[in-house]
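J.: Got a structure for you, written out below as structure tokens; questions coming shortly.
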């Protein structure tokens, strides 16, 4: 308490004020998405280490559908049939785009097949694929649940997005320390130190993850979590295009068809739905707007549950 009572001021920012903003009475709400995101990230590493790139990327796109389902269940989001169709089309398109990535008889696979016992490799690969598929499937479910829950917290609270990110980062430390440091690499960390193995590549990856997390939170705050999934899917296609020019990856027919499907699906989802014909006599008003003097006594004014006013002849 003595340390907290000391005010360390930098410009117009006070450390005590920052403490009070981060550790608010409702900060505990971030414990749930923090734990879910930590488990999800660890499951992704397990999946990547046991599955080939194509299988992982294709299967991981299920998170878009899980996000949509969670949005409908938790946020009461209403998706039109066209939007549902666009979700299915997007998933199929990304699957086609990723179908050839990591597949085929690459030189790496040939070396692996000739350097190991084929029978033992087949058995081990089958077991690893089961573990990997289970990991990526659970990660997809957790991704949708955590993302929509975080969206609900962001849009239903006063603290800024930066404060929410600080809270999320703080509560992520505890499951990360338990899963990664103590349970997985406890002996190595104890023997070689916490920062053993850190290099420019690792630091760059950490920086990208941190910046990406902030960008994702901004998207969730000002758009919605399903659009974030669409943006992620499009980024996969852009990464593939960059790989074509930088690493001479071959462009396949499935890539072209899948790219077209994703772009069409994105357009279909972003296009606003047609206004309901039942709202033609309605116009939105503020809850506290005084409408008593705006209409004549010969007109009947009804306020609907969705914030619209209907004007009709008085009975």
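Cβ atoms are placed via backbone N, Cα and C, with glycine included.
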J.: From the ranges 109-129, 130-150, pick the one that TrEMBL records as transmembrane segment.
T.: 130-150
J.: Examine the ranges 227-247, 290-310 and name the one recorded by TrEMBL as transmembrane segment.
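T.: Of the candidate stretches, TrEMBL labels 227-247 as transmembrane segment.
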J.: In TrEMBL, which of 55-72, 253-270 is labelled transmembrane segment?
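T.: Result: 253-270 is the stretch TrEMBL calls transmembrane segment.
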J.: Write down the single range among 13-38, 195-220 that appears in TrEMBL as transmembrane segment.
T.: 195-220
